[in-house]
Amino acid sequence: MKKFNFRKVLDGLTASSPGSGSSSGSNSGGAGSGSVHPGGTAGLPREEIQESLTSDYFQICKTVRHGFPYQPTALAFDPVQKILAIGTRTGAIRILGRPGVDCYCQHESGAAVLQLQFLINEGALVSASSDDTLHLWNLRQKRPAILHSLKFNRERITYCHLPFQSKWLYVGTERGNTHIVNIESFILSGYVIMWNKAIELSTKTHPGPVVHLSDSPRDEGKLLIGYENGTVVFWDLKSKRAELRVYYDEAIHSIDWHHEGKQFMCSHSDGSLTLWNLKSPSRPFQTTVPHGKSQREGRKSESCKPILKVEYKTCRNSEPFIIFSGGLSYDKACRRPSLTIMHGKAITVLEMDHPIVEFLTLCETPYPNEFQEPYAVAVLLEKDLIVVDLTQTNFPIFENPYPMDIHESPVTCTAYFADCPPDLILVLYSIGVKHKKQGYSNKEWPVSGGAWNLGAQTYPEIIITGHADGTIKFWDASAMTLQMLYKLKTSKVFEKQKAGEGKQTCELVEEDPFAVQMIYWCPESRIFCVSGVSAYVIIYKFSRHEVTTEIVSLEVRLQCDVEDIITPEPETSPPFPDLSSQLPPSRSLSGSTNTVSSEGVTKDSIPCLSVKTRPVRMPPGYQADLVIQLVWVDGEPPQQITSLSISSAYGIVAFGNCTGLVVVDFIQKTVLLSMGTIDLYRSSDLYQRQPRSPRKNRQFIADNFCMRGLSNFYPDLTKRIRTSYQSLTELNDSPVPLELERCKSPTSDHVNGHCTSPTSQSCSSGKRLSSADVSKVNRWGPGRPPFRKAQSAACMEISLPVTTEETRENSYNRSRSSSISSIDKDSKEAITALYFMESFARKNDSTVSPCLFVGTSLGMVVLISLNLPSSDEQRFTEPVVVLPSGTFLSLKGAVLTFSCMDRTGSLMQPPYEVWRDPNNTDENEKTWKRKLVMNYSSSSQEMGDHQYTIICSEKQAKVFSLPSQTCLYVHNITETSFILQADVVVMCNSACLACFCANGHIMIMSLPSLRPMLDVNYLPLTDMRIARTFCFTNEGQALYLVSPTEIQRLTYSQEMCDNIQDMLGDLFTPIETPEAQNRGFLKGLFGGSGQTFDREELFGEASAGKASRSLAQHIPGPGSIEGMKGAAGGVMGELTRARIALDERGQRLGELEEKTAGMMTSAEAFSKHAHELMLKYKDKKWYQF
């Protein structure tokens, strides 16, 4: 029977009645609840587009997690399967194998993982968590599941040990007791080793928690128990008594056996190692302080830092390895965390970049009574995982195939590109491989377990991450993997900061002045653009050849002209009478002269960073073509950039901030437009004026309130952006409420590129304020506050109270009058979205032309027309004319994204220039012609044609028809929340709008009708890291930074959810357990006990009895038989109820059938009698009746 899907019914109802929504668009629901209704389409002929997407195409599920496990706590290794497991403080477990085998699983409780133990070659894993619960994980499936859990109620777990090929797990507790758990049934045995029986009766003090458990390699019936206070007990399991006891003055941290079972080594809190012989337990056989200073004979060695762990591994043909962490001398406080390797008389200290959490020695054999033959050491650091090769004398490290260095510098932004040009990955890899670090071990990565294949998903994917130190990393994300391709350092463009220069020249940000804020990449043309936190934009071009050249830089002065706002000139002048006068002579081939003014002198017209003035050698790859910097204005640093876009076809880059918009021609290296946001509207007003050119170096009076007035209220205003990226660049993942995080800095905050700095407030007073006037305003009086709160939900800020008369509706009257008082009353609008496209700039346009869509934080959309030279030759010499078209569109909330569709409903891609190597000496630039790809049909230029423009803000989405500028569809996405990220993506060859809301909802809407396809409460927003890094891409995929060190990928495609099992790797592969070595006749006779030890007979219920029920509680896991029985029972119950309902329905149908049969019999009888009556009176005349 075909499955009935109620969502199809809803899709059909929505499609059949698109105008059923409220025309007012009012909605009281939260995110994901909204109304879809057509706009004003009366009398407008509209082509109905057949949409192919339905709700069956969408489903949300997580796919894979990349990066280093955040806050690691435990490490385990299976020497036969060769897989590695890492536990974290948040209850997560990452299981790693060969490249492509990377699995993430999570404890539901979220408790920290204390210890991990593999059931070697059994496809299972035991985890002990901080809530005193043991879990058994099944690894014989691609998504590991918990089979059993055992919750200890009265004791806290401190240590676990599972002997090789044993089904009995030893569990040590904080009280000093040792319990035994059956792995198969996960039931506690009645056999318990109490601490008071393990120590001598004469001892009155508690030995402390159990810190070590291990069975003797020589005799499985003997258990070594280590207590924290320095006591070691050798327990005979059969006789249930202590065979010997060892006492030491210093606390014990770890113990390890010699493979022969005659000696064991302990590490202590005073930095010493003690070697004990079972034949003479009264005192240590050997005591050493590896890093202590040598003392005179008879004196105790100098105490050192604790040795937290030691491993004692033997080799057949060489001296044993003694490997330990810690133990350095106290007088070397500046020394970094270290791992010491002692091999014979040689001592090697490996210094680490981060504190050591755990380490394990990887050995050839799983049997503890054989020569271990160690070949590598896996070292788990707080922020890294390294593996040291022990087979080479210099102990090199293996090259890590996993992307464990995503957080090498904190991630500040991300971008995700699916279905890229296929040659890009090979090109980037071939360039990046030349710059890889050298000195790695020449052997293969030792963690090589599991199995993985490419699966059905073969299209190329690239992830780009921007970092706090200015680096940009390109990653190959194809086929559910992540591998480094290429690394770009943007800081090489600038001069290095001197010791005393940083505070003076870079007051915009206190730390990380090169932090990457936004990235824009065109894969087809290979043009790459990046904006930094210090208000700069760098344009990179890709080249296969090395070049040495000077870096071209432009300095742009972007400010608010108060005089123009307050006193409009009465005469009317054309907005752009002479474009050549608009091109400022700010092209600087020698770099910027960033000279710091002496103390007390107002800074003006200097950038935050200094571009290198000397010729710079640029290796193959991305090479800087142009640097654009915003400069200080009258002592005020430039505002951070909030939006960025570039067009390789037009040769134009545009960016904006809270002050205004800048448009630059990067072919001719000239500034085309530098205009405040308010001037974009004024260009269509009655009082039209020529906008200020950046080259006009006007000196404003010191009492200019527009740019400096608020500094009187906040003296520390110059420190305003120091906390902008603090929460993103610090690796402390302390949860911060969204409202507090967004308002952390009272002077600047950026959510999704929306700047909310109060320094960008415009002045609405009718006169220029003097210093005395400003001091009066400081008192606030009964008049209006000096600045207001922006109404956009994504632009929260700490500001003064908002008065009623200052509240502005998010609607905009298209027929604007010459008065701009309503705009003057508002805070300045930030440029939040930019988009280049061939479109209709005005209502009366009959053909498409190059346009720039500009979206603001107050929901306004301004179309700017770009008039380009007609030929390629003129493009390098003739100026580009940039004219605001006078077309305005409006939405609720800050504008987030744009996109266009042609009249057939196909998504239109912005035009681009085909890539060519700018440094190719074989081509003559003068004879070479630019190859442009225009992604629209020739029929779209015909008279009367139109296109659909999709605009999404943080509150709603609208679809406009151009050039008529009629709103066809409106969808009010949310009223109580706001959208953080929105993008128009391609799914199954159809376009749809994907949105991520602040309250965790992911919503998908079809285009152009904006019908809801999916609304899932996926992820509650707990910190701004997710908001800043969440991004959608084509083919139903998305990603975000789930922790400071990890990237989480997810899919909203039903097809990918169905095929996810085929894309993941197998953790378990059938491998025969290696056979134990033959010990020989003499070793078997004299080397130790040769008798077998039956743990089942000793620990089973028959001999040991049952454990107390109150001690531990057994919890069946979802993957266990009990869990499956429960689920099956639930299914059977549902089937039973369905069968009963079916029987009742069948009974009613039977009764109805009987009634129907009776009615049919009556009808036949009536028909028969009627026929007989007709025959009786057929031949009679009327007068015979």
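Here the Cβ of each residue, glycine as well, is placed from N, Cα and C on the backbone.
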Residue from S792, S839, S899 to which Swiss-Prot assigns phosphoserine: S792
Checking T595, T921 against Swiss-Prot, the one recorded as phosphothreonine is T595
The repeat 'WD 1' (73-106) versus listed stretches 157-193, 212-246, 306-348, 356-390, 1031-1054: most Cβ pairs under 8 Å: 356-390
Using DSSP, what's the helix, strand and coil tally for the repeat 'WD 1' (73-106)? 0 helix, 22 strand, 12 coil
DSSP composition of the repeat 'WD 3' (157-193), residue counts helix/strand/coil, works out to 0 helix, 23 strand, 14 coil
Please give the sequence-distant neighbours of the repeat 'WD 7' (356-390): residues at least 6 beyond its ends with Cβ less than 8 Å from one of its Cβ atoms. 68, 71-77, 79-80, 84, 86, 120-121, 164, 215, 217-218, 257, 259-261, 308-309, 311, 313-316, 321, 323, 325-326, 337, 339, 341, 350, 396-398, 400, 402, 404-405, 407, 441, 443, 445-447, 731, 1045, 1073-1074, 1076-1077
The repeat 'WD 14' (1031-1054), counted residue by residue under DSSP: helix, strand, coil: 1 helix, 18 strand, 5 coil
Residue counts in helix (H, G, I), strand (E, B) and coil for the repeat 'WD 8' (412-489), per DSSP? 16 helix, 28 strand, 34 coil
Taking the repeat 'WD 3' (157-193) as reference, the highest number of CB pairs under 8 angstroms among 212-246, 306-348, 412-489, 973-1017, 1031-1054 goes to 212-246
Sequence-remote contacts (6 or more beyond its ends) of the repeat 'WD 14' (1031-1054), Cβ cut-off under 8 Å? 56-70, 90, 383, 406-407, 410-411, 414-419, 459, 461, 463, 465, 477, 480, 482, 730-731, 733, 981, 983, 985-987, 994, 996, 1002, 1004, 1014, 1018-1019, 1025, 1060
Mean predicted confidence [pLDDT] for the repeat 'WD 13' (973-1017): 94
Would you list the DSSP helix, strand and coil counts for the residues of the repeat 'WD 4' (212-246)? 0 helix, 22 strand, 13 coil
